[in-house]
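K.L.:
The feature region 'N-terminal catalytic PFK domain 1' is assigned by TrEMBL to 1-391. What TrEMBL lists as domain 'Phosphofructokinase' is 29-324, 404-689. What TrEMBL records for Asp120 is Mg(2+) binding site. According to TrEMBL, the feature active site, proton acceptor maps to Asp167. As annotated by TrEMBL, region 'C-terminal regulatory PFK domain 2' applies to 404-782. Taken from TrEMBL, the feature beta-D-fructose 2,6-bisphosphate binding site covers Arg473, 530-534, Arg568, 575-577, Glu631, Arg657, 663-666, Arg736.
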Amino acid sequence: MGISVCKTGPQDAGLCHILVSLPPGTGPRGMNAAVRAVVRMGIYVGAKVYFIYEGYQGMVDGGSNIVEADWESVSSILQVGGTIIGSARCKDFRSREGRLKAAANLIQLGITNLCVIGGDGSLTGANIFRREWSGLLEELAKDGKIDKEAVQRHGHLNVVGMVGSIDNDFCGTDMTIGTDSALHRIMEVVDAIMTTAQSHQRTFVLEVMGRHCGYLALVSALACGADWVFLPESPPEEGWQEDMCIKLSENRARKKRLNIIIVAEGAIDTQNKPITSEQIKELVVTQLGYDTRVTILGHVQRGGTPSAFDRILASRMGVEAVVALLQATPETPACVVSLSGNQAVRLPLMECVQMTQDVQKAMDEGRFKEAVKLRGSLCPSGLECASRLRLQLNGRELRQTNCNVGVVNVGAPAAGMNAAVRAAVRVGISDGHKMFAVYDGFEGFAKGNIKEIGWADVGGWTGQGGSILGTKRTLPGKYLEDIAAQMRAHRINALLIIGGFEAYLGLLELSAAREKHEEFCVPMVMVPATVSNNVPGSDFSIGADTALNTITDTCDRIKQSASGTKRRVFIIETMGGFCGYLANMGALAAGADAAYIFEEPFDIRDLQSNVEHLTEKMKTTIQRGLVLRNESCSENYTTDFIYQLYSEEGRGVFDCRKNVLGHMQQGGAPSPFDRNFGTKISARAMQWISSKLKESLGKGKRFVSDDSICVLGISKRNLVFQPVAELKKETDFEHRIPKEQWWLKLRPLMKILAKYKASFEVSEAGQLEPVQHRGPEEPAAI
């Protein structure tokens, strides 16, 4: 698969072309979003754009495989899986003779820049091509196929890579394009299997992709609460067969009606011998006599519609890649555009490739701990978390702390809350605490709706939407006396609050009440969970990704309905309060024409401009429009007003429809991202609580300092605890949003891809960063 972008430089430095190449024989979901972004950003900056069909093979063969693309040729492809321009294995490109042919084809069109989407093999091939470029041109000139002027004009080749792989097996980036979509498909299958397994009391062995990387297996296991997981990088210890059978039988003894075992296709033991799904089934049947089934997911993990995360990731990477090529000089080494936290960064391509190859070498030599460290996405804390959540220690192994920890959900329900509660309860029990569930928010707290919750009580919670504990928006202010009395009665030594902006306000009220009520002088931490993604102190909230996928899926269906009727514009209202995250990111993921948000004030002139833009669009082959509106973006420019304005101004050119998505954005099963995020961040919150309680053990310490009452969230690239008192100055309390929001930097990207003029801010430094190892506490592909 290939794509080329060609731009006339200021000194006729030649045409800047971007080749996008997928790994041979693969086409993970999200590739089309990257293709669309590269093409449209290239055209936006004044480039000519070419498709190169069938990857490197198309580049070698040339001719009809290289076709000029335009703005409309990448329309309506965001929701399409695979790649519209094909992918093929190419032996020819591995030889110098083949690369010589490729160079000749590129020079004919003045291509001097390549953007390669692929794995380490494809990226390594592109770098070899780059190193040989000047020599290839000299050879072509010697053979008389190009003139010396062409050699001078196109004397260097710039290369930028994007990583497309469902395995997430490339070092240097938190997530590769296609991984999140593959997790969506895996979880759909797992959720379906769990219902039938529960009915028949069966054990299921699920084999997922990952020949050399266990990321899909690990995250799937975390997201579904699997009983056991097998990974290539972290083989089970000797005697694992007995340990696993004991674990499965213990779960059955606790009335658990199903067992789920996740196996990466490349799973091995400590002797580097394969562990297969059939081998595991044979073991379970022989040793335990359980009715056991094997399901190999295979290539269904590659197909289907891309997730919202993958569309946004690929769009960001595609735009950043074009900018990187425009900024490149002959001295610039090949780079790869990566994701670190929520930041787009550029890293030296070959350093990342080398580290990826070092992982495999470490595995081959039995240095598995080093392999996990090098991998990055499989940080040690992630493996430890998976182990702690599935293995319940018996009473003799547990060191009881005599501490009681309360868990409460506050605010509106958000998908992923239950996964967060499950993780908190199990990590808390593993740390020796007694865990208490508080039902129905602060109101239930005041009424004494509190009971101890055990390990088995939270089994099967990860895949359930809403809030099993119940949640209300009520703040604790008017119940302080009653809540203090309940904390005293149940001897609550620490509190974990999972919720949205109401939870944040509640935490502030509890902090202020510490002077009057010593019961509140305990460690308190809040984990953000709201579809609105408006909690200060965190760039992401549990539930926002699920809501974003609901919006994206709905927009896909609406766009499909418009493809038949033609000349129709849809106005869609999203939730979020005053926070425009869902509207803006939904517009980027769905390929909308405009998104109205509170953070960017607009007036009647802007509305008129959008109508004119859509009127022009109806003259092209793309005869449909999509406009998203945040529910509180304007007091006067309501959804009805905008609908009526568009209907009147577009009369005779297009007609309008409106759709208010409402509470469907809060419902449904949580996405893999929200399950994984909720599990990891809640487990980290409990570790913080345990460390605080350990400080006070036997000392009767009262917690009154600001750093004992915090919000835990992702800030840029780090997972950080921020005292709630310090976050007050960063909060717009009137509109219930943070004063600064990272995603607003992506707003110009949405506008550019919708054909509006905008100034786009590229990666933080706009230059190469060193490849770094993540520490054990860093979020690493959370």
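Placement of Cβ uses the backbone N, Cα and C atoms for every residue, glycine included.
How buried are the listed features, and what sits near them?
P.N.:
Residues near Asp120 (Mg(2+) binding site) in space but far in sequence (CB under 8 A, at least 6 apart, same chain), listed by position: Phe170, Cys352, Val353, Thr356, Gln357.
Taking a C-beta cut-off of under 8 angstroms and a sequence separation of 6 or more, Asp167 (active site, proton acceptor) has the following same-chain neighbours: Thr176, Thr179, Met209, Gly210, Arg211, His212, Cys213, Tyr215, Leu216.
For the region 'C-terminal regulatory PFK domain 2' (404-782), the model's pLDDT averages out at 92.
Within 10 Å of the C-beta of Gln666 (beta-D-fructose 2,6-bisphosphate binding site) there are 20 other C-beta atoms, taking all protein chains into account.
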K.L.:
Since the record lists Arg473, Arg568, His663 as binding-site residues, which of them has the fewest other Cβ atoms within 10 Å of its Cβ?
P.N.:
His663
K.L.:
Enumerate same-chain residues with a sequence separation of six or more from Ser532 (beta-D-fructose 2,6-bisphosphate binding site) and a Cβ-Cβ distance below 8 A; give 'none' if the list is empty.
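P.N.:
Non-local contacts for Ser532 (beta-D-fructose 2,6-bisphosphate binding site): Gly500, Phe501, Ser541, Ala544, Met575, Gly576, Gly577, Cys579, Tyr581, Leu582.
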K.L.:
By a simple count, how many Cβ atoms lie within 10 Å of the Cβ of Gly577 (beta-D-fructose 2,6-bisphosphate binding site), its own Cβ left out?
P.N.:
21
